[in-house]
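**Q** What follows is a structure written as structure tokens; I'll ask about it next.
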There are 4 protein chains.
Amino acid sequence: MAESADDRLRLLIERIERLEEEKKGISDDIKDVYNEAKATGYDAKVMRIIVRLRKMKPDDRREQECVVETYKNALGLD
Amino acid sequence: MAESADDRLRLLIERIERLEEEKKGISDDIKDVYNEAKATGYDAKVMRIIVRLRKMKPDDRREQECVVETYKNALGLD
Amino acid sequence: MAESADDRLRLLIERIERLEEEKKGISDDIKDVYNEAKATGYDAKVMRIIVRLRKMKPDDRREQECVVETYKNALGLD
Amino acid sequence: MAESADDRLRLLIERIERLEEEKKGISDDIKDVYNEAKATGYDAKVMRIIVRLRKMKPDDRREQECVVETYKNALGLD
DNA sequence: ATTTTAGGAGTGCAAC
DNA sequence: GTTGCACTCCTAAAAT
């Protein structure tokens, strides 16, 4: 036959490898932005927190922040 | 000789395995506490956040919370 | 001034968010390839192992495989 | 009442914190064993692989190793 | 049954 | 160079 099982497997693997390279490139780009931000004086760690918060649905986020406050108060945290 | 290299390696591996079992037991205990808390009506996810916050040095924590607030304001978050 | 600090921060965050979306898209593509492979009868877990092995330098890989064999023999594994 | 909700939450949190300390202690012990092994000339990375292999059911392990071989051959790996 | 979520392990980077 | 930190991956549990 024109295409052996071995070739099929190889093609799948190679597609994955190409995609992983692309992904790696983007990860590097993200790292660059954080470094650029840090060089400008921003706190990268906090920026990561912000990105996470913005991923949440606003209502969920506010709800959670509220519960966190409650628990902090219960424990005398802050 | 009394103790072959093979035995030495085996003993090291077995010590690691014993320790990993202990660790697993404790992880399960922690999980139990969270489940108990959840059954009592507490929000386990928020509890995890609290545990993380309490691990930080209070000054660092307050400093970070402050920067988070600043960035949130800058982005109109909240 | 034309560009406030707030805008600068916002732009950085938005660049990160765009890049993370792209990255997410590629991750999904990779997942799709694995699913396609699985549907064809391949073992996705083993494919992941293969991808990892192909990432290594051939000499390093062979060297490591050799040491693994040695340790397995020492422990009567296999 | 004798025990307020705040106390209940605090007690749960403190139990978790104690357990996490124990867990951390064991993790450190494990690290120590790997370091001791390394000092004796063993390859810690390979030891981790061995530990993982020994966790698997022997039949599953052999089956998987077999499929890995097959795929490696299909790709001319080795 | 599918999809999300958390914990753990491993890897690589970075700072010291 | 080594220690710690952060990101990724993967497995397993959980919720829907």
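Backbone N, Cα and C define each Cβ position, glycine as well.
Annotated coiled coil per TrEMBL: D:2-36, in sequence order. According to TrEMBL, the feature domain 'GapR-like DNA-binding' maps to D:5-76.
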**Q** Note the mean pLDDT of the domain 'GapR-like DNA-binding' (D:5-76), expressed as a whole number.
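**A** In the predicted model, the domain 'GapR-like DNA-binding' (D:5-76) has a mean pLDDT of 95.
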**Q** Could you count the residues of the domain 'GapR-like DNA-binding' (D:5-76) that DSSP puts in helix, in strand and in coil?
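**A** Grouping H, G, I as helix and E, B as strand yields 64 helix, 0 strand, 8 coil.
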